[in-house]
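Below: one structure, written as structure tokens.
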């Protein structure tokens with residue numbers, strides 16, 4: 001996952017920090033600083 005569109009398609013969301021709680025990073029959104037997270 002390398003942008004916010006594919007992040008959304010994969011049921012993820014973008015955060016500028018570490019992925020919260022039980023979510024896991026599945027890629028990035030707008031560069032390496034913004035992470036795409038998804039709950040499992």
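Each residue, glycine too, has its Cβ placed from N, Cα and C.
What Swiss-Prot says about this protein:
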DISULFID  7-36  disulfide bond
DISULFID  14-29  disulfide bond
DISULFID  19-37  disulfide bond
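Cα proximity to residue 19 (disulfide bond) (within 10 Å) is found for the following disulfide-bonded residues from 7, 29, 36: 36. Taking only the Cα positions, the spacing between residue 14 (disulfide bond) and residue 36 (disulfide bond) is 5 angstrom. Separating the Cα atoms of residue 7 (disulfide bond) and residue 29 (disulfide bond) is a whole-number distance of 7 Å. Residue 29 (disulfide bond) falls outside any helix or strand according to DSSP and counts as coil.
Residue 36 (disulfide bond) sits 6 Å from residue 29 (disulfide bond), taking the CA atoms of both as reference points. Residue density at residue 36 (disulfide bond): 25 other Cβ atoms are found within 10 A of its Cβ, drawing on all protein chains shown. Taking the Cβ of residue 37 (disulfide bond) as reference, residues of its chain lying under 8 Å away and at least six apart in sequence are, in sequence order, 12, 13, 14, 15, 19, 20, 23, 24, 25, 26. Spatially close to residue 29 (disulfide bond) yet at least six residues away along the chain are 1, 3, 4, 7, 14, 35, 36, judged by Cβ distances under 8 angstroms. The highest number of surrounding Cβ atoms within 10 Å, among the disulfide-bonded residues 7, 14, 19, is found at 7.
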